[in-house]
Amino acid sequence: MQAIKQLGGYLGPYKFFTLIAPLLMVLEVTMDLLQPTIMQHMIDTGIANGDNPYVLKMFVWMLMSAVFGLVGGIGCSYYSSKAAIHFASDVRQSLYEKMMTYSAKERDAFTTGKLITILTSDVESVQRAFMMTLRIFVRGPLLFIGAVIIVFVTARELFSILLIIVPILIIAMYFFTKYSGTLYRRVQEAIDGVNTKLQENLAGIRVVKAFRRETQQIEQFSGLNETLTKRFITAEQIVGVLVPFTMFVVNLGIVAALWLGAIKVEAGTLQVGVILAFINYLTIILNGLMSSSMVLMQIARAIPSGERIVDVLNKEVAVKEAENPLTSQIQGAIDFQNVSYRYYESAEDVLKNITFSVKQGQTVGLIGKTGSGKSTLVKLLPRLFDPTSGEIRLDGKPLKDYAFSTLRKHIGFTSQKALLFSGAIDNNIRIGKEDATSEELQQALDAACATEFVDRLDKGLAHELSQGATNLSGGQKQRLALTRALVRQPAILVLDDTTSALDSASEKHVQEAISSQYNDTTTFIVASKIASIQQADLILVLEDGEIVGQGTHQQLLQNNKPYQAIYASQQKAGVQQ
Ligand SMILES: Nc1ncnc2c1ncn2[C@@H]1O[C@H](COP(=O)(O)OP(=O)(O)OP(=O)(O)O)[C@@H](O)[C@H]1O
């Protein structure tokens with residue numbers, strides 16, 4: 001109910017369509033209901049008495065009511081489609097915008113596959129329910145009530161048949177409708193499973209192929225597909241019994257009407273036209289009940305979908321913007337004060353009491369074993385998530401107080417996996433700064449050692465990247481990701497293992513370019529090689545989420561055991577220094 005109420009809010013702009021569609025349907029239903037009565041008069045008064053002008057008059061009436069009915073029907077379909085499609089489009093847009101505010105935490109809680117199902121199939125289910133409600137929900141009950149009243153008034157001799165048939169039909173429809181909600185909820189969950197698997201496999205298709213895991217993946221997919229198929233079949237089969245069953249009950253009613261009617265006609269208490277009209281009205285009653293139950297079934301199916309949609313829309317986002325956020329210029333001095341972080345409440349801290357300070361324009365190097373928390377630490381800077389405890393200060397003020405737009409505008413971030421979008425290279429770089437001049441672009445390309453390979457491409461910056469930039473090498477992708485970060489002339493630059501994909505000459509060039517051309521930028525370099533961070537003003541050595549050493553290369557070499565151990569192991573392994 002809460003879901004219906006909340007989604008109902010999206011109808012606001014389409015109130016007119018939502019009102020006019022059922023009104024036009026009332027017109028169509030009224031015309032449909034008139035037809036059998038006109039026909040009855042045509043037979044019993046016109047044809048029975050050989051009154052041709054009366055027959056013609058009734059014929060014109062029938063034709064006119066058919067035309068009005070047609071206008072009502074077409075109008076209702078037109079406005080109901082318009083309302084439902086726009087409504088669904090707005091819901092989809094809101095969902096997408098909400099999903100964009102999610103951090104990895106919220107996204108993981110739903111799973112990507114489920115989010116895709118909600119954005120597509122669940123929205124579609126609610127759209128269909130809404131459209132059917134506008135088209136049929138008025139029609140069904142109106143046809144039913146109208147036909148019952150007319151039979152009561154014009155064919156009371158046969159009304160007793162309705163008293164038996166209608167309750168049977170109503171009870172059957174009630175149970176089918178109720179059950180279908182549960183069945184389709186299970187179908188929707190099975191679709192989540194299929195989508196999650198599909199999304200995971202398409203994203204990782206290269207790994208699947210490289211490890212020759214196609215057969216196993218296909219088997220796993222078949223399992224999920226089979227579950228979906230079974231649930232769909234069960235739902236469709238059970239719901240599919242409804243139509244033949246109700247037809248059977250109505251046919252029994254027709255047989256009873258013919259039998260009872262024949263006796264009464266013979267006794268001279270009933271006219272033939274009344275029997276024909278009754279049979280027509282019986283079909284209309286069935287039609288009314290069936291269409292009502294179809295809508296109810298669709299609504300029952302859409303309610304779980306609506307709840308899933310509302311869950312996404314109402315999900316409390318962990319990282320929120322301050323009420324009156326700061327939009328002042330950012331210099332780039334950073335203070336971590338006893339910062340701890342854990343990914344899940346039940347999990348352990350992956351960062352523990354991290355404390356350090358860095359001035360504007362300085363370079364911080366982070367080194368430590370895999371899983372020691374380096375990436376997690378730098379992800380706190382653009383507030384991809386917030387510390388569980390402790391505080392981060394930027395230029396002396398809490399990081400949380402800054403507007404997202406200000407913060408992200410001044411932070412250039414490159415992650416371990418260079419993520420580029422399909423489209424021209426130029427567009428990808430301009431994500432960093434839309435209005436970048438060609439000089440700024442060139443400066444960033446040069447600093448990131450990307451000029452040479454971009455120039456070699458036929459179309460240069462206009463070169464089109466495929467989805468996931470699969471038509472570039474790993475090093476080329478990293479260079480473009482770095483260009484994108486540099487082009488915004490960031491106050492804070494984060495290179496999360498970015499230079500590892502570069503050869504050592506390029507890495508040296510990038511570091512020199514950053515320190516000479518971007519010397520006001522505070523730079524965080526996550527690295528696995530000491531050589532990548534040797535020149536840093538401050539090196540943080542991390543172990544199991546704790547800082548076990550901080551200082552310059554020389555200081556750490558002299559007095560920090562963990563750093564000495566890393567240095568020694570890299571010397572021994574011949575890692576290029
Ligand atoms: N999204 C996540 N959800 C849950 N745990 C996570 C998540 N990301 C990282 N972790 C955990 O947090 C810890 C620190 O991971 P992090 O990626 O920060 O390490 P790292 O030092 O950058 O490692 P590497 O050098 O291998 O990139 C690890 O134990 C990891 O399993």
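Quick reminder: no glycine exception, Cβ is built from N, Cα and C everywhere.
Noted in TrEMBL for the protein shown:
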TRANSMEM  7-27  transmembrane segment
DOMAIN    19-301  domain 'ABC transmembrane type-1'
TRANSMEM  58-79  transmembrane segment
TRANSMEM  136-153  transmembrane segment
TRANSMEM  159-176  transmembrane segment
TRANSMEM  238-262  transmembrane segment
TRANSMEM  268-289  transmembrane segment
DOMAIN    334-569  domain 'ABC transporter'
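When averaged over the domain 'ABC transporter' (334-569), pLDDT in the model lands at 87.
Among the listed stretches 7-27, 136-153, 159-176, 238-262, the one sharing the most Cβ pairs under 8 Å with the transmembrane segment (268-289) is 136-153. Under the criterion of 3 or more C-beta pairs below 8 Å, with sequence separation of 6 or more, the transmembrane segment (7-27) and the transmembrane segment (238-262) do not qualify as touching, having fewer than 3 such pairs. Highlighted: of the candidate stretches 58-79, 136-153, 238-262, 238-262 has the greatest count of Cβ pairs under 8 Å to the transmembrane segment (159-176).
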